[in-house]
Amino acid sequence: MATSAGLLLLLLLLGQPRVGAGAERKAVVCAGTACYTAHWDKLTAAEAQSHCSKNGGNLATVKTEEEARLIQRALAQLLQLEAPLVTRMGKFWMGLQREKGKCLDSTLPLRGFSWVGGGENTSYANWYKEPKNSCTFRRCVSLVLDLSLPPLASHLPKWAEGPCGNPGFSVNNIEGFVCKFSFKGMCRPLALGGPGQVNYTTPFQATSSSLEAVPFASMANVACGDRNESEWHYFLCKEKAPDVFDWDSSGPLCVNPKYGCDFNNGGCQQDCFEGGDGSFRCGCRPGFRLLDDLVTCASRNPCSSSPCRGVATCVPETLGKSYLCRCPQGYQLDSTQRDCVDVDECQGSPCAQECVNTPGGFHCQCWVGYEPSGPGEETCRDVDECAPGRSPCAQDCTNTDGSFYCSCKEGFVLAGEDDTQCQDVDECEDSEGHLCDSLCFNMQGSFRCGCLPGWELAPNGVSCIMGTTTLGPPAGPHQGDDMGERQGNLVPSASTSSPTRDPKGTSKVAPTVRGPSLLPNAPITPTPPKTMVPSGPPGVWMEPSTHHPTASTGHRESTGGDFAAKQNDDGTDGQKLLLFYILGTVVAILLLLALALGLLVYRKRRAKREEKKEKKPQSATDSYSWAPERAESRATENQYSPTPGSDC
């Protein structure tokens, strides 16, 4: 271990730039786990990034206000290295760029730009003015400040975007750039107990004597005494324990008995105690203990510095020299053993159905169609969607495990977007074959068959057979209770005739009539009967029968005479209804013919009046006509010339 540390120290000494050898002028500020360097140089953004990456860094990010203040301090140190400049604005490249083809996004703080080291969604931004909405060129961001004035803590450098520059061409107002270097830890600055000077050389080749924190693997060059009689010491910042960084030295440096504790408190952090022979030693206040370097003090309570992060709590061990970080329930320590991460309890499947992990815990949920069976929510039970008052179905609802489905009664089909409603099926329209031999009546959820005049419904409720009708007056009470079970849509009626004999022995028919009862919206679909010839007197219409069709044709009622009477009653009333429809149609046609005839007479009279107006009154000379001119001249010649052979 000592050999490797010495080799690293030798390499740093060989690579250390000599004073006066033309070393680059730059300012360095270190804090936390990062160092920032500010440089004077008129480079393009790509050249500046190359310069930073060559030493292990990138162009600086400004993700927080604290980081912006550290960069402002580095720029302030850089300005102090130069003579006062003329009043003008200068720009320094930072690590925020937008590639070609990526457009402006005004909804984000970074406006679509991204950091060179990675990352796009940071909340801090300090734009000088709104960036241009351009997608065709690569754009880079720089820090803007007044070079003639020292930076003020209340005025952090603004951001300005512009072209990134081309090699060989300087970009307007670009004066330099700022780099950032990240480290795993820092060492405290060395404290001198006597006259001397310390120079630090960082791994990124920056040299400074005033670092507030020295990055890991940096070298310290200590010169004790006066310039004429100087003694040189070299130290290296090392990691002595996980996340513990310190120098490989012990005791105060450059101790001089002539000064004792009077010079810089002897190099001690807290108390300095002098001996009788001019020597001294460092001590600590109550509640603190001296560390191995014999200079630095640390609290006897190892948790006083809050080494644990996040939700972790610090617990001192028995001797008080070390500590442990503990996590609350639902968390566990991460790889650093100083912070806690959430434990995903759902990986153990603690729930019956669905598990939702939360920070430090979890909770169970039931799938759709289930509900918790108890307060613990560990088990789920099926939800009965078909329970009274909860059923979404219009007719029948069937509950299933975790769901349900709707169904409709015979004569209806499912309808609606979610298949919860029922719609009547028009069997008389939708059927491919004819359900009835003659007429078909659609009902709510069913249908009925009927027959044309001169026919009556057969016992099977589908076919029509020839029936007998009479023209006697209607008589008999209204009977229709036997079919009231079919929602009252249609009460069938029929007419029957029973033969009787008068005193002379002549057979007569005594009709019995019963009136039908029809809903106004009941549709009727006629179907031509198959090979049937109507019988009965002309002009007599039989009311269609509305018996529900049955599958068997051989089933007949024992009282066939009553059934025939009902059929004849329905025929008589249907005959009247048909006669009413025919008379109404004839009246409508006659009205149309009368209207057409009146229009024709009106047009003829109007034409005659126009002809009379066009004719002119006749004069006395209208019955005469002029003689031809040639005949007139001939008559004149005959009067005065007695030429033989003349007309005279």
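Positions of Cβ are set from backbone N, Cα and C atoms, glycine also.
Residues or ranges marked as compositional bias 'Polar residues' in TrEMBL: 490-500 (among others).
Sequence annotations record features per position, and here TrEMBL assigns compositional bias 'Pro residues' to 523-537.
Taken from TrEMBL, the feature compositional bias 'Polar residues' covers 636-648 (among others).
The disulfide bond feature in TrEMBL is assigned to Cys308-Cys325. Taking the Cβ of Cys325 (disulfide bond) as centre and 10 Å as the limit, one finds 21 other Cβ atoms among all the protein chains shown.
The domain 'C-type lectin' annotation in TrEMBL covers 31-164.
According to TrEMBL, the domain 'EGF-like' annotation covers 299-337 (among others). As a summary of secondary structure, the domain 'EGF-like' (299-337) carries 0 helix, 12 strand, 27 coil according to DSSP.
Residues or ranges marked as domain 'EGF-like' by TrEMBL: 342-376 (among others). Long-range neighbours of the domain 'EGF-like' (342-376) within the same chain, counting only residues 6 or more positions beyond its ends whose Cβ lies under 8 Å from a Cβ of the stretch, are 311, 328-332, 382-383, 385, 401-404.
Counting residues 6+ beyond its ends, the domain 'EGF-like' (382-423) has Cβ neighbours under 8 Å at 367-371, 443-447 in the same chain. Here TrEMBL flags 382-423 (among others) as domain 'EGF-like'.
Annotation comment: TrEMBL describes 473-567 (among others) as region 'Disordered'.
Here TrEMBL flags 607-648 (among others) as region 'Disordered'.
Taken from TrEMBL, the feature signal peptide covers 1-21.
If you look up TrEMBL, you'll see 578-602 marked as transmembrane segment.
With helix defined as DSSP H, G or I and strand as E or B, the domain 'EGF-like' (382-423) counts 0 helix, 18 strand, 24 coil.
Listed in sequence order, Cys314, Tyr323, Cys325, Arg338, Asp339 are the same-chain residues at least 6 apart in sequence whose CB falls under 8 Å from the CB of Cys308 (disulfide bond). Note on the domain 'EGF-like' (299-337): mean pLDDT across this stretch is 85.
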